[in-house]
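So that you can see what the record holds, here are the features copied from TrEMBL:
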- C80: active site, nucleophile (ACT_SITE)
- H166: active site (ACT_SITE)
- E168: active site (ACT_SITE)
- S223, G224, G225, I226, D227, S228, T229: ATP binding site (BINDING)
- 195-385: domain 'GMPS ATP-PPase' (DOMAIN)
Amino acid sequence: MRRAVVVNFGGQYAHLIARRLREAGLYSELVWPEEALEAARAQDVAAVVLSGGPASVLEPNSPGVDPDLFKLNKPILGICYGFQLMARELGGKLARGPGEYGNTEIRVLVKDELLSGFEEREVVWMSHGDSVAEVPPGFQVTAVSERGYIAAMKAVDKPLYGVQFHPEVAHTPKGKQLFKNFVENIVGIRSEERWDPVRTVPQIIEEIRRTVGPGERVIIGVSGGIDSTVVALLVAKAIGDRAVPIFVNHGLFREGEPEEVLQLFQRLGIRVIYVDASEEFLRRLDGVEDCEERRRIIGETFIDVFAKTASQVSNARWLAQGTLYPDVIESGAVKGADKIKSHHNVGGLPARLDFKLLEPLRNFYKDEVRAIGKALGLPDDVVYRHPFPGPGLAVRIMGQFTREKLDIVRRASKIVEEELKASGLYYRVWQAFAVVGDDMWVGVKGDARSVGHVVTIRIVESEDAMTADWAKLDWRVLSRIAQRIVSEVPKVTMVAYAITPKPPATIEPC
Ligand code: XMP
């Protein structure tokens with residue numbers, strides 16, 4: 001299978017590029033700049049994309065690639081930082097600021113194979129300070145921006161291309177067309193060799209079968225989320241009832257969720273070990289104020305319960321996890337990055353869990369896992385269900401953890417979901433839930449004065465949870481949600497709507 005490598009100069013951009021290339025039919029993986037040349041030499045690598053990134057090519061010690069990369073005669077597309085890097089390495093000139101930010105109009109001068117399907121004027125998303133002042137010898141300018149910056153270039157007799165704008169973001173309406181052009185017109189991927197995650201399912205199953213020894217059992221921690229459900233299904237297809245899903249109820253699920261998970265597995269014909277440990281979790285969380293401390297307690301309790309349950313399964317040698325491709329890359333990319341929230345336990349298991357690790361989804365993005373889940377027959381309400389954090393409703397409570405607050409977020413979130421489903425908006429947003437803290441508001445219930453909690457509703461649109469914007473919903477839907485919460489959930493007197501995007505806020509409150 002021919003594939004592309006995306007040189008990672010900035011994680012978020014690079015992942016989006018890889019996803020767009022895969023959508024366009026070319027399987028892509030991220031590589032670090034220092035590995036780029038060697039990776040690109042591999043025979044099955046048919047193209048290289050240099051991503052954007054936060055550094056400046058003009059700064060000393062900014063990341064670069066071995067210039068021999070440009071001599072491989074393989075198609076290369078440089079984007080933003082990658083475009084400037086390519087221009088400088090091949091003899092062009094760069095200039096500093098002021099640059100362009102946001103929606104920008106470009107004028108297409110040459111409708112080449114990369115810009116085919118573009119109108120003469122197109123809106124694109126720009127985000128650059130430095131710019132290419134002069135293209136390298138042997139290159140021509142194919143588009144300029146409204147402020148006169150070089151917006152795209154191509155080499156006259158080599159498959160080298162660069163764009164200053166970001167085709168990978170949704171704000172560039174013709175971005176998908178550009179990737180399609182690159183994949184089809186320039187790399188020459190034919191329809192029969194297009195990347196399709198669903199077609200890899202038989203291989204994944206075969207590999208699980210080969211990896212797991214005869215008679216060995218595989219434990220799978222399931223939560224009802226799409227990733228762990230797909231893992232359980234794949235392992236069950238590979239080795240039948242030697243796949244042993246364990247579902248630990250930590251008491252922090254959405255309303256009705258534990259029952260739905262059990263019903264789903266029953267329908268799939270897969271036997272699940274169910275452990276209701278909610279009392280133990282809630283007891284340990286009682287009164288804990290710090291959210292990170294709650295995450296730690298939940299993680300630790302989970303391992304306790306899980307390890308105990310797994311130890312009773314005879315011949316259990318493997319643990320299968322729903323690790324996805326971005327987790328794999330990010331766990332290798334710590335490089336001084338700030339820990340904002342402690343999400344994942346990728347890249348190793350606590351010593352107490354003495355299992356070999358099976359990660360059948362480690363090459364896939366979430367949307368690809370959804371496609372696989374759908375192909376394996378999972379119902380839409382599982383496939384397109386909103387993401388839900390591992391520590392559950394515990395990260396939606398500010399101040400001390402109490403059962404009263406837990407009850408409030410659970411009931412209020414249920415109302416949010418019901419109203420979004422009723423108005424057909426549920427599947428159009430990324431996540432939608434309620435949050436409660438210690439802010440109080442005086443209300444009147446009947447004739448009596450009552451003091452109740454403020455519940456904050458968070459509804460966001462996003463593509464990957466790295467950035468998110470609040471959903472500009474019809475006020476009538478919001479109003480109905482607010483009315484129902486105040487009348488149906490005891491001890492709530494006010495509903496607020498959270499309208500700060502990520503960044504600077506995060507999606508969950510803590
Ligand atoms: P934030 O709040 O960091 O969330 O913007 C980004 C995405 O991650 C989810 N999230 C978590 N998932 N364990 C998880 O498994 C966690 O502790 C956790 N905290 C946040 C969040 O729901 C959103 O989709």
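From the backbone N, Cα and C atoms, a Cβ is placed for every residue, glycine too.
Around the Cβ of G225 (ATP binding site), the same chain contributes G322, R385, P387, F388, each under 8 angstroms and 6 or more positions distant in sequence. If you measure from the Cα atom of H166 (active site) to that of I226 (ATP binding site), you get 30 Å. Note on the domain 'GMPS ATP-PPase' (195-385): mean pLDDT across this stretch is 91.
G224 (ATP binding site) and C80 (active site, nucleophile) have their C-alpha atoms 40 Å apart, to the nearest angstrom. A separation of roughly 32 Å, to the nearest angstrom, links the Cα atoms of S223 (ATP binding site) and E168 (active site).
In sequence order, V222, L264, G373, L378, V382 constitute the residues six or more apart from T229 (ATP binding site) in its chain with CB-CB distances below 8 Å. The residue listed as 'active site, nucleophile' is 11 Å away from E168 (active site) when you measure Cα to Cα. Following the DSSP three-state reduction, the secondary structure of S228 (ATP binding site) is helix. Proximity of the residue listed as 'active site, nucleophile' to non-local residues of its own chain (separation of 6 or more, Cβ distance below 8 Å) is seen for Y13, S51, G52, G53, S127, H128, V163, Q164, F165, H166, given in sequence order. For the recorded ATP site, residues S223, G224, G225, I226, D227, S228, T229 set the reference point as the centre of their Cβ atoms, and the other residues of that chain within 8 Å of it by Cβ are V222, V230, V231, G322.
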